[in-house]
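Taken verbatim from Swiss-Prot:
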- 31-125: region 'Disordered' (REGION)
- 58-73: compositional bias 'Basic and acidic residues' (COMPBIAS)
- 74-96: compositional bias 'Basic residues' (COMPBIAS)
- 112-125: compositional bias 'Low complexity' (COMPBIAS)
- 155-181: motif 'Q motif' (MOTIF)
- 184-356: domain 'Helicase ATP-binding' (DOMAIN)
- ALA197, GLU198, THR199, GLY200, SER201, GLY202, LYS203, THR204: ATP binding site (BINDING)
- 303-306: motif 'DEAD box' (MOTIF)
Amino acid sequence: MSFSSGKFLFVFLFFFFFKNTSCSNQRKYITKQQTMSKDKKEHKDKKRKHDNEDVEIADSKKQRKLEKQEKKDKKDKKDKKEKKEKKEKKHKKEKKHKDSESSPVEPAANDSSSSTNYTQSSKLSSVSQSDIDKFLSDNEITVEDPSSSSLRPILSFDQVQLTSAITSKLSKFDKPTPIQSVSWPFLLSGKDVIGVAETGSGKTFAFGVPAINNIITTGNTKTLSVLCISPTRELALQIYDNLIELTADSGVNCVAVYGGVSKDDQIRKIKTANVVVATPGRLVDLINDGAINLGKVNYLVLDEADRMLEKGFEEDIKTIISNTSNSERQTLMFTATWPKEVRELANNFMNSPVKVTVGDRDELSANKRITQVVEVINKFDKEKKLIQLLRKYNANESSDNKILIFALYKKEASRIENFLKRNRFSVAAIHGDLSQQQRTAALSAFKSGQSNLLLATDVAARGLDIPNVKVVINLTFPLTIEDYVHRIGRTGRAGAKGTAHTLFTEDEKHLSGALCNILRGANQPVPEELLKFGGHTKKKAHSVYGAFYKDVDMTKTAKKIKFD
């Protein structure tokens, strides 16, 4: 091989090797570029997808935000509307209440079809004036009549013209009670009446007979025309029971409305009611719910008005009265005492009322037919002493003696109830820890004689008419002397005699002076042990502001002071 041939071969091989290497590198480069391009594309796709997801999330968030804002706007709009309606409703009520206070309240209109056209019977006219004066004097009755109509008291049932349905219900009684005798002529004449008399004086029939008689006479059995408000559920049920007795077979529908039970059944019954007996709290609830219309009520009764004010129902009473018809309403108020708050309430909502007072009710006094026994003992001996008293007053199942025991608080009542049951006494109880059904059942058992012992707190101290209670035992003295008088008033009712036995301890010594005054006023003996506590009387405290509350006459205008 020549040199030139070898050179050529070398050049050829070098060129071939270089070309292959170059192609290989080129292929690698292309592959690399393709891989990079693919990765780049995947990255772009991934990024684009991620961006799309971000956009979707952002759109979703934005949508949710818009929906949330829309809901908020709707809610704000609804709240604003409700607030406006509530404000308008409140304004209307305030305006109505203001109008009722500023404008005089007119009594029920006297038309020819109404029983308010009262005519004195010939039998009553034939009674001599000396007999009338003797009746008023013997029963310590005073009548304050702004119109000086001088209507005579009805001394017997045959001296008043009532419907046969009412007369038949009264046949089991001998004669009207003093409060009934004096108030009926004014109520049947359509006048506003204030009755101030002790509990158990027949006040329910005093206002119930004219009310039911008027409904029957006018035939107005399609509307709610009579409303009676009472402070407690127990008293409301008692009034209801008495009115049911009057309305039996008369076509008049009576309904009781009170708390502690479902509203639904009460709302259903109200629709066909002519007479409603209610506690203030539940009635205001029904008014606010729009479940009851008082627009046609023309006969309004505030029973135990002083007790309702003591329990803080003044604003509720004003709300209720403002929802009745001022132009046609006849308003009645019955109360055991005549304090300043009750007088102001009467001045605001009654039109020239006739005030009938039985007994000296301006000063707190106890029923003189009640024998009051006060024992000063050690507070740790109460349970032992209670057992002795129950045996003394023959509190066994075979006895007819009904005994009412008062405890101060519901926990004490519950403890004493269990204590008596352990000692084999059959006892019923009414206090705050029991349901309304349990309290009603206990009261029914006591009234029927199924149980001759009833243990109660002060929820039963006012208004309850439990016949034939022979003895009241004050296991723990009440917080006020007024409550003491109301407690012992559960016995000695309707002309009967009774006994009140009180256990007094050193813890109650601040009330010893007031208790001594009550005992002296009723001609009862004052024990020496009670006198040892001294004759001081604790200042009566305001229910909200305490003992240092200054009683200011809010009706007086403020004095304007000018500074030079």
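Including glycine, each Cβ sits where the backbone N, Cα and C put it.
Shown on the structure are the features that Swiss-Prot records.
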| residue | record | CB count, 10 Å |
| --- | --- | --- |
| ALA197 | ATP binding site | 25 |
| GLU198 | ATP binding site | 20 |
| GLY200 | ATP binding site | 24 |
| SER201 | ATP binding site | 25 |
| GLY202 | ATP binding site | 22 |
| LYS203 | ATP binding site | 28 |
| THR204 | ATP binding site | 26 |
What parts of the chain pack near the motif 'Q motif' (155-181), using Cβ distances under 8 Å and only residues at least 6 beyond its ends? 119, 121, 123-124, 127, 131-132, 135, 139, 141, 188, 195, 197, 201-203, 205-206, 209, 212-213, 216-217, 245-246, 248-250, 356, 358, 494
GLU198 (ATP binding site) in three-state DSSP notation: coil
Using DSSP three-state counts, the residues of the motif 'Q motif' (155-181) come to 14 helix, 0 strand, 13 coil
Over the domain 'Helicase ATP-binding' (184-356), what does the predicted model average in pLDDT? 90
